[in-house]
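Participant: Let me give you the structure first, and then I'll get to my questions.
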Amino acid sequence: MEDKNNIELQEKAPDNYNNNNNNNNNNNNNNNNNNNNNNNNNNNNNNDINNNDDDNNKIIYQNPTPASSSHIDSIEIDINYDLSNHIKQRVTQNKTGMFVSANNISYYIPKSIKKGESEELSKLYLLNNISFTMKPGRMILLMGIPGAGKSLLLKVLGNRLGKGKIEGELKFNNHEVDETTHQRDTIFVSQDDRHIALLTVRETLEFSAKCNMGENVSQEEQSERVDLVLDQLGLSHTSNTIIGNQFFRGISGGQKRRVTIANEFTKRSPNLILMDEPSTGLDSATSYNVISKVKTIAKEAKASVMVSLLQPSVELTNLFDDILILGEGGNLIYFGELNNLLPYFSSIGLAPLPNQPLAEFMQEVSVEPSKYMITDKIELSSKDGGDDESKSLLLGGADSGNVEKMDLVKLFKESELNQKTIQSMQQLIPSDIKVSDHLIKKLETGDNGKSSVRYELKHLLARHIKVMKIMKMQYAVRFFQAIFMGCVIGSLFVKMGFTQADARNRFGLVYFAMVLHIWTTIGSVEEFFTLRGIFDDQKDSKYYRNFPYFLSLVITKIPISLIEAILFSSCCYWIAGFQARVDNFIVFILGMALTNLIAQGIFQVTSAFTSAQLLASLICPAIVVLFMIMSGYMISRLQIPGWWIWLNALSPLRYVIDMVSSNELYGLEFHCSPMEKIPPSNYPLLNVSYADGGYQGNQICQYSTGSDFLNQFGFSDNSYMRWVDIVIILGFVCTFFFIFFLGVKYIRFENKKPPRQIKLKKKKEKKDKKDKEVKHKWNGCYMTFQNLNYVVPSVKDNKETGKKEKVTLELLKDVNGFIVPGMCALMGPSGAGKSTLMDVLAKRKNVGTITGDIRINGQLVKDMNITRFTGYVEQQDILSANLTVREAIEFSANCRLPSSYLQKDRVKLIDEILSVLSLTKMQNTTIGPNPTLGISLANRKKVSIGIELASDPHLIFLDEPTSGLDSSAALKVMNCVKKIAESGRTVVCTIHQPSQEIFEKFDQLLLLDKGKVIYFGDTGDNSSTVIQHFTSAGYQYEHGRNPADFILEIAEHPPSTGQSASDYFKSSIHYSNSIQRLESKTIVPEGVDVPKYKGKYSAPATAQLHSLVKRGWLNHVRRPQTILLRFLRSFIPAIVIGTLFLRLDNDQTGARNRIALVFLGFLFGGMASIGKVPTIVEDRSVYYRESSAGTYPAHLYILASVITDLPMMVLTAFSYWIPMFFLTGLTLGDHGWKFFFSLSVYLLVIMCYDSLATLFALTLPTIPIAILVSGVGLNFLGLFGGFFIPVNNIPRGWIWMHYLVFSKYGLETLSITELKGEPFFCEEDQYSIIPIAGTNFTKKYCAIQSGDTMLLQYGMNDAYDRQFYNLIILGGYFCAYTFLGYLALRFINHMKR
């Protein structure tokens, strides 16, 4: 770049700078005098995008060197030149572009009406009779109040309609919308930034380019497009950084927004560009940069553009050619050229207020037209001799007393401007133009813009495999679990023999292995919901067809299922001693893999047809457990009542267990041990003579072959049926995945919902006008820091040895400064150390080493409980979704204010906070889980600030308070912050690229670069002090430029030669003055007290507990759908089980089924507990934030959780046990004591399951891993509880585990309660027939004549005396799990700083 032209231009820089000063001043004056001259003035601006002059497309600034240097280097930045050339090379000369005409279009949603009502009421209109045109090369700015229909209009133009219908005429190049090409030709940037968190920026854009550009475009051209987009949107330096989310740290909110924009701009033919609030999260300079590039694309590619913006700056507004304003109800207020906007509104008697931004006027004129009536101009014209005709023109015929009732819609509809628009539609474009006339170069003949299914599938698989590689830890846990559980189960059934018990154990092992492979896949629910929003966006943009996406999900699951099955089977099969045949082993592996795929199918189908992950997590376990019950193991198919036999046939698990059981047992011979023969060896009548009623020593072995056992359960007793079962199972798998495909293709849940309003009863209070004023005046803090250094341990690759070695990274280097009451900005480029410095000052770092001196009001911070008088607003707005705005702030106040604060003072404080933050109108609105389903991003940030203000702090830290906000929302937030600072507090903000208006609100600035200070001091009036510092160093500042952008570019582009910015600062007067003040200790004024507090927490424990319990309860009751599902999830299975075992008799079957009933109740309890894991993990992040702020201690959080969860546990226990108990006819006992006792025991078991799931959720890092480990825990509880394997048959090496699991004590207690002393009998077909040797006689034998016999078989006969003690043991388990959960919460933090 350093050619002669550049050098010549650099030498003239000082003169140009002075000229620019004068020109800009003149332009500013013109702008103030007449708003209508904005466009003309901006044409003179060097940054005007419409000017193609090379000089005007370049910003020149100088690298710093000492002021005396004779040579000054420069850096030249070309804004849109590369982009323009790139487009020109690819656009045909005769390209016409896309003309859009909308003639009286309306959009409505059909709704049901009552008989007799008008048909008009059956249509809910969201857009109403809108007419406008879009022309290639022109840009339309779409404005309107929230809810006016801006997003909806863009979706209509983008052919992204929901359930509604369109009326009117909408044509593209005089043709109806072409479903096959419209999305390919249209760039649509939605409001939501939804990306795969673990992919890098480049990987995300490469995938978009492959989908958008198609298989006919070379890899080189795709890569070139990605590089161009990265460069044009300023993402090149973050191209290899992952996107990130709340669990994985990645790029910033503003950068995510730019990635969303970049995704769409990888398309080949941008003929129609639609952007829905693209500036959200971007500062004003970046917003201007992005829209200016869109302007270039519009001109060079002949694209038609419509962009909705929320209060854009004047410079941004002037980039647009036309304005379209929507009013309430989706009505058109104005459409026309920007130059005609003010004259039109003036003609109807309306105009902006003095010094009011034009965007604000456009946004609000439809709400309060009376506010903008030109009364003063009318009076002025009268004084100046203006005639009546001019007055009439200004008022537009409106009655001055009724301006607020003006029908702006009707006025515009009848205006000459609108009539011209309608007339122009007839002559917009030639009638014979083809839709294909606007295509870009290099499209082959016959190319319809679609890639082949094979191409789409290939890249979808590649993307999914990338994500799987990144998530290798999760899959490693699954594989390790498969090996571990294979060894555990194998060793538990080690080398099974051929006794009767060994035969039954084979069934138990098969069933349990099947259950294990079901619960390892439940994490797919979370995976589906993570990808759903991304898929919906890409589906709308026609990135790929539904089928390749569905196929990629299925294909990537098959190898995982197969590997998991092989690992498990290789351990379990051979250790347990199954048949040593290759075909049997392969069938066993196939059985486990198919079980895995069946579970995947069930979970995916449920997820596709439910709206939220929590609902799917509640429903999935209930469905799977019903299939498990009907599999034929828990209750034989021969015993299932006729009204439920169809469910047995529909249970895919029935065919799995049939296949694997027949595969193992068919062809085997079994015998009886002495105690297994009938009658048993210890039976009193065994050796008694037949004449005396005995058996004369005769015994039989009831089952001698594997077929006998298979027939007992109703399973197939042949070898070929296993292959038939495999085909049937594959049919189920295909059916489930086909239904899943239908759900993916046709089911779409609309995410946009208005935040919920909570109606609260207001107490009547006498209002005093004085109370509206902010009465509190705080004494801010004076913070000083000297010689501050911060190092962290790290690992680095040694290039010489190739090994990793431990190193230390110095993140802060010799930082000195002080902060006084007011606002101080911590600024610097990415990685400069802004957030690090603030965390160090706020005592928030939990890793690394800090050295130096930090004091507040003269006292060392390390000796202070800083959370008592400081507030810290984190960058991520982690809020309780179900609380209202007021309740969230009130919760913080009640937990963090001392008891000396009277209730009326708390209410006043909260009212003041709401007023200062402009949240009063929405104080009773629920916050919601995210900006899509709750309050906006800006209001969420305000609530975060309000929560910290509720602690009445003297010093407030704010980490990137404008992150993710557009320029207007950021300004509103910072206005609130300024009010806070003006109340006497000290405010410290990290902030990245603020607008000029925001930057000038700060009193102090500390600028960092790579951990070093390059400026510290006052900002000065209009930032004059900081600008003077850098201009004196040789940097050139252009008048009118944002000072924040100026100093950040200095930090981002250090000089290649000469003195560094940090060295120059150390030689400056600012540095010497600050060091002198620090050393002389004159910063803290006399009389300023040191904050002194006793204890870590301000509020008493009772107040904190009360607030936590109240919040926890509101979290439950404001999710009525979840409560209903909890009830139905227990009640429906209870009805199924109750009718399955309806009115149990005291026969042999009834005896065995009683214990099975108890175990099934445990199974449901365990499944129910897994459903709460996602909620706990999400709520955990709220605790981390509040704990860091010193809101309450961990033990109160756990205690409150127990108290508020207890009613839900009672609901779960009662809604299952009560209907099941009475339907099955279990024994009531005297005065019903057995019923109440068993209900109490079951409740304790449910509490143990819930507390164990809570422990896993608090201990483990992510939802999938927590659910996976919870499943393993449930497997252990079932395996060692004493049902699958009676305690007498558990190997000696595992007996300790039997006594360790709480399910043992619950099963034992309930079984004894139900069976002890209960008589049983045999039906005629249930007797065993014993032949008497040497005679022709036989004698019947009834195996179970008393419940004690069943208890003996399960090894529970010695536990009679422990029946009531087990209640204490179960309570102890609940307390132990709760205490371990407290320790996990207290000492394990998955959000590292």
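Cβ coordinates come from backbone N, Cα and C, glycine included.
Sharing the feature lines straight out of Swiss-Prot:
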type	residues	note
REGION	1-68	region 'Disordered'
BINDING	144-151, 828-835	ATP binding site
DOMAIN	473-698	domain 'ABC transmembrane type-2 1'
TRANSMEM	479-499	transmembrane segment
TRANSMEM	509-529	transmembrane segment
TRANSMEM	558-578	transmembrane segment
TRANSMEM	585-605	transmembrane segment
TRANSMEM	615-635	transmembrane segment
TRANSMEM	640-660	transmembrane segment
TRANSMEM	724-744	transmembrane segment
DOMAIN	783-1035	domain 'ABC transporter 2'
TRANSMEM	1122-1142	transmembrane segment
TRANSMEM	1157-1177	transmembrane segment
TRANSMEM	1206-1226	transmembrane segment
TRANSMEM	1265-1285	transmembrane segment
TRANSMEM	1364-1384	transmembrane segment
Participant: For the domain 'ABC transporter 2' (783-1035), would you mind checking the mean pLDDT of the predicted model?
Facilitator: 88
Participant: Cβ distance under 8 Å to Ala832 (ATP binding site), same chain, sequence separation 6 or more: which residues?
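Facilitator: Same-chain residues close to Ala832 (ATP binding site) (Cβ under 8 Å, separated by 6 or more) are Leu1008, Asp1009, Lys1010, Gly1011, Ala1051.
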Participant: For each of the binding-site residues (Pro146, Gly828), count the other CB atoms lying within 10 A of its CB, then report the residue with the highest count.
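Facilitator: When each Cβ's neighbours within 10 Å are tallied, Gly828 leads.
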Participant: Cβ under 8 Å to the transmembrane segment (585-605), counting only same-chain residues 6 or more beyond its ends: which ones?
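Facilitator: Tertiary neighbours of the transmembrane segment (585-605) are 510, 513-514, 517-522, 524-525, 528, 553, 557-558, 561-562, 564-566, 568-569, 573, 578, 616, 620, 623-624, 627, 652-653, 656, 659-660, 663-664, 722, 726, 729-730, 732-733, 735-737, 739-740, 743.
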Participant: Which sequence-distant residues neighbour the transmembrane segment (724-744)? Criterion: at least 6 residues beyond either end, Cβ under 8 Å.
Facilitator: 535, 546-547, 549-550, 554, 587, 590, 594, 597-598, 601-602, 604-605, 608-609, 652, 655-656, 658-659, 662, 716
Participant: Among 479-499, 558-578, 640-660, 1157-1177, 1265-1285, point out the range having the most Cβ pairs under 8 angstroms from the transmembrane segment (509-529).
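Facilitator: It is 1265-1285 that shares the most Cβ pairs under 8 Å with the transmembrane segment (509-529).
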Participant: Can you check what DSSP calls Pro146 (ATP binding site), collapsed to helix, strand or coil?
Facilitator: coil
Participant: Which one, 479-499, 640-660, 1122-1142, 1265-1285, has the most C-beta pairs under 8 Å toward the transmembrane segment (1157-1177)?
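Facilitator: When the Cβ pairs under 8 Å are tallied, 1265-1285 comes out ahead.
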Participant: Sequence gap of 6 or more, Cβ distance under 8 Å, 3 or more pairs: do the transmembrane segment (640-660) and the transmembrane segment (558-578) meet that?
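Facilitator: By the criterion, they do not touch.
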Participant: Which state, by DSSP, holds Lys834 (ATP binding site): helix, strand or coil?
Facilitator: helix
Participant: Under 8 Å for C-beta pairs, could you tell me which stretch among 479-499, 558-578, 1122-1142 has the largest tally with the transmembrane segment (1265-1285)?
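Facilitator: The listed stretch sharing the most Cβ pairs with the transmembrane segment (1265-1285) is 479-499.
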Participant: Give the nonlocal contacts of the transmembrane segment (558-578) in its own chain as ranges (CB under 8 Å, at least six residues past its ends).
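Facilitator: Residues 475, 478-479, 482-483, 485-487, 489-491, 493-497, 506, 509, 513, 516-517, 520-521, 584-585, 588-590, 592-593, 596-597, 600, 664.
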Participant: Which residues, sitting 6 or more apart from Ser830 (ATP binding site) on the same chain, put a CB under 8 Å from its CB?
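Facilitator: The list for Ser830 (ATP binding site) reads His237, Thr238, Ser252, His992, given in order along the sequence.
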Participant: List the residues of the same chain that sit at least 6 positions away from Lys834 (ATP binding site) in sequence and have their Cβ under 8 Å from its Cβ, in sequence order, or write 'none'.
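Facilitator: Within the chain, Lys834 (ATP binding site) has Cβ neighbours under 8 Å at Leu826, Met827, Gly828, Thr990, His992, Leu1008.
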Participant: So what's near the transmembrane segment (1122-1142) in sequence-distant terms, Cβ-Cβ under 8 Å and 6+ beyond its ends?
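Facilitator: Same-chain residues near the transmembrane segment (1122-1142) but 6 or more away: 614-615, 618-619, 621-622, 625-626, 629, 635, 640-641, 643-644, 1116, 1153, 1157, 1160, 1164, 1168, 1171, 1208, 1211-1213, 1215-1220, 1222-1225.
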Participant: Which of the three DSSP states, helix, strand or coil, fits Gly828 (ATP binding site)?
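Facilitator: DSSP assigns Gly828 (ATP binding site) to coil.
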Participant: Identify, in sequence order, the residues in the chain of Ala148 (ATP binding site) that are 6 or more apart from it along the sequence and have a CB within less than 8 Å of its CB; answer 'none' if there are none.
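Facilitator: For Ala148 (ATP binding site), the qualifying residues are Leu326, Gly327, Glu328, Gly329, Gly330, Ser366.
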Participant: Among all protein chains shown, how many Cβ atoms are found within 10 Å of the Cβ of Lys150 (ATP binding site), not counting that one?
Facilitator: 25
Participant: Using Cβ atoms only, which residues of the same chain lie under 8 Å from Gly144 (ATP binding site) while being at least 6 residues apart in sequence?
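Facilitator: Residues satisfying the criterion: Lys150, Ser308, Ile325, Leu326, Gly327, Ile333, Gln363, Ser366.
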